[in-house]
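According to Swiss-Prot, the features are:
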type: DOMAIN; residues: 29-116; note: domain 'GRAM'
type: DOMAIN; residues: 244-432; note: domain 'Rab-GAP TBC'
type: DOMAIN; residues: 602-637; note: domain 'EF-hand 1'
type: DOMAIN; residues: 638-673; note: domain 'EF-hand 2'
type: MOD_RES; residues: S2; note: N-acetylserine
type: MOD_RES; residues: S764; note: phosphoserine
type: MOD_RES; residues: S871; note: phosphoserine
type: REGION; residues: 878-950; note: region 'Disordered'
Amino acid sequence: MSFFDSLRQKAPFLDKLADSFTPTLTRDEKFRLKYKLPANENILEDTNAEVSFATSIKDGKGHSDRVNNKGRKTAYVYSGRLFLTPHFLVFRDAFDHSSCVLILNISTIKRVERSPSESYEFALLVTLYTGAKVLIQFIGIRYRSEQFCDKLKLNLKENIPNAKTLPAFLETSYSEFLIAKNILGKKDITVPRAGLGQHFKYPGNPTMVKEKAKLRLWFDYFRENGRNLAVVQTPMFRKLIRIGVPNRMRGEIWELCSGAMYMRYANSGEYERILNENAGKTSQAIDEIEKDLKRSLPEYSAYQTEEGIQRLRNVLTAYSWKNPDVGYCQAMNIVVAGFLIFMSEEQAFWCLCNLCDIYVPGYYSKTMYGTLLDQRVFESFVEDRMPVLWEYILQHDIQLSVVSLPWFLSLFFTSMPLEYAVRIMDIFFMNGSITLFQVALAVLKINADDILQADDDGMFIAIIKHYFQTLGQSAHPDSSDIKYRQITKFQELLVTAFKEFSVISEEMAMHARHKYEKGIFQNIETFMKRTQLRHMPKTFNLSSDDLSNIYDMFYQSIETYKISMGTGSSNMGFEVFIQFLSKFCDSCRPCEKDKDPAFRKQKRNFLQRLFDNWDSAHIGELTLNDVVTGLDKLVTVDLLQAINYFFSLYDTDGDGELHREEVLQLSEGLLLLTEPWKSGRYVDLLTKKRIEDDIAENIIKESGGEIATMNQIELPTGVTIDEEKYKVEQAERYLKAASNFLQRSFEYAKAVDLAEEVNLIDLSDDEGEEKRTVKQKQLESIKANAALDPTHPKVIDLPTFRMIILADETYELFFSNTLRSSVHVDEHVNIDNKNKVLRSMFDGILADGKRVAEQVRRRVDSVATRSSIASVESTPTAAASSITTKEEKYDDLDDFTSEHQPENEELLQSSWFEIDDANETSTKAIQERSFEPLSANSSEEKSNLIEFEA
């Protein structure tokens, strides 16, 4: 026993140890998550390589490439790892995995050729649709490099149909519009369709100078580093996002960082298809959407017009049909309303998909388990990073989650002015969900002194609300330093969040989530259980403990449904129903006779009848309320109600009569339900009484009939029982009961007058189709009764059925006690527990010495009694529209054909945006090398081609 004691003592430690490990992801899962790739992408090949880039777009001085002092073209060379997936070519540098990141959709590749090299290096020159070139120099064993190239060649050929859709997709890209207008000089191009801000103004009051300066910075970046599906992400990319994304570019940058752009390209036309296929349909989610449409960012003018409301309705409706497990959830309307200001409907739809699946899984679910979990994680971060503030919050019983939960759930859209909330979203899509923790911690840190003066939740909320309303004001209004005085509270918030709390990493958040996940899920499940139990239908024969057990077994059986996550179907199908009943109903447990196909068919027929009877909505599935109502009827303590309910199972037309076929089916149902006792797997009260009587007789014989008091009764310690004898007797009794039932049913059946029952010559034309169908079934049933008497068919009604059952002692006991006792809704079910054999039943009888002794005393006193003995039959235990005026239109905002503006340089030099790690500016991974361009002749040599050109 010392071994088990040791295990018991170590169990709490082992539980804590298990909590310290986070769930491991596969290599492909980590890869997709890091680069926000679609779910069907996986690594096919990977290799070490050096990558350099050459743009085809000339700069303002007419040069397209860097030239060294010798006049030779040069390019930065990045050393790192190159990955190939079915639709992407991904490169990351070896230094910090962020100095150079290229996520290249292979549809953008127009040409691939082997590059000549003086040093005999194995290299490829990849030409993109923009004319830019990517030089890939492989490092490593040559055959591995050739294997990578062969796979790339195969993928390019297979991707030709997708590449044909690229031009249409690029027409929706604003970055493509910028380049076409300012570099290519196209005059007939139209601005891509964007968000509501294109017509209803963007949030805030940005000056034209700053907006154009930001747009110029992004224009320069796209010119040098590519755009949309073929952009190279460098530290400058992240810096430009922190500076602030131009309103016109925000939608594209959001979907690029989130990976929604890849999903939109891969699933072109799916958004429109979902809307068209489900047009006119209704659902609970759509009803909830309609209720919240008017409450979605009402301060923004577009959502006071039908155009804005319709766009929002379309996106939310489409998502509810795409993901029916989630449908529509609280605060989803707020987030999508924020997206639609900067995005088209299709962009917002795919961005919402990736938001729910990748960034904040579980936030927008029926139970909001992700939000609740992150609230607990946030509290742990506050406790760890700001212990004094945390102690004050606990002492004054301030509910931190009351304040912080809307921040996380609405992604700050409803907490701070929109012009600042979208800046948070810029960084959120770049860095992930840790942005929410960092900003939330910074809010508390900045307002800590004021919060320490708050006594309750109301004061706490007022402090935070006032802070958010004054984000545009100076953070240091009393400072003598002008530059210091110009720093706004929002700038201070960004620096605090992303410098002081930069230690909050994704790994820390994942570890904390895993640590608190189990407790949060248990709390959600407990809450859901209590809520559902309170709303269950009224029961007369099931206790609260019974309902609790039924709830547990019901959801335990539905493997696809996760209560804590609120996903999957909460209804039970027929196959699951069979497994459900087998957990606690003796007649439905697996047995030896299940090997017989005839018996198996008989069991399924009865269970299907029971299933259909319980299916109140006639949808082919059972809800929890259906199961509770059905079980309440099944375990009734009233004998007549039990008989009536069993009769109603077969009286499908509800006329109160059973014809011949229905009687035979009812008889088969009785045989099925009584099979455990007929086969001797269990004993009923009559058999137990017989066993006790025999034991008492033996004791009396051995004592010579001289027992006078209870104290004089000595129970035998080694009594043996002839099990086979009692099995046979019980089986014969049940077989005789079944035989008597059929005999008496035919004997006492009531004759049917055909003239009264069915008018064989029906001349009426005022009856409905349904009534005529019922009469036709009655006629067919009566004709089938010809085996009894062709001229005088018979039926049995409910009173006759009662009489037949009550006339047989075995069946009377079955409906009064045995059936009810065989349904173990009062016991916890464990699927792994095996049924106990009959031997254990007899052992239990012998162990109850007091009851046997009392029986002996009654025999001695010659008191004839038939009182029932309270015992368990079966022992197995289981467990307003504001259109932009002329002066508000910035017609030349995206026109950079004029001279370079100095404002964008001032933005780049601002120290408030130098938030990245120090190593970001390091150039250890970057080398400037000579870039040998291909001559016109060599580029056309077929011997150097990998035989792909689209």
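The backbone N, Cα and C atoms fix where each Cβ goes, glycine too.
Counting same-chain residues at least six beyond the ends of the domain 'EF-hand 1' (602-637), those with a Cβ under 8 angstroms from any Cβ of the stretch are 532, 536-537, 539-542, 547, 550-551, 554, 569-574, 577-578, 580-581, 588, 594, 645, 648-650, 665, 668-669, 671-673, 819-820, 823, 825. Across the range of the domain 'EF-hand 1' (602-637), the DSSP-based residue counts are 24 helix, 1 strand, 11 coil. Across the domain 'EF-hand 1' (602-637), mean pLDDT in this model comes to 93. Helix, strand and coil counts under DSSP for the domain 'EF-hand 2' (638-673) come to 26 helix, 2 strand, 8 coil.
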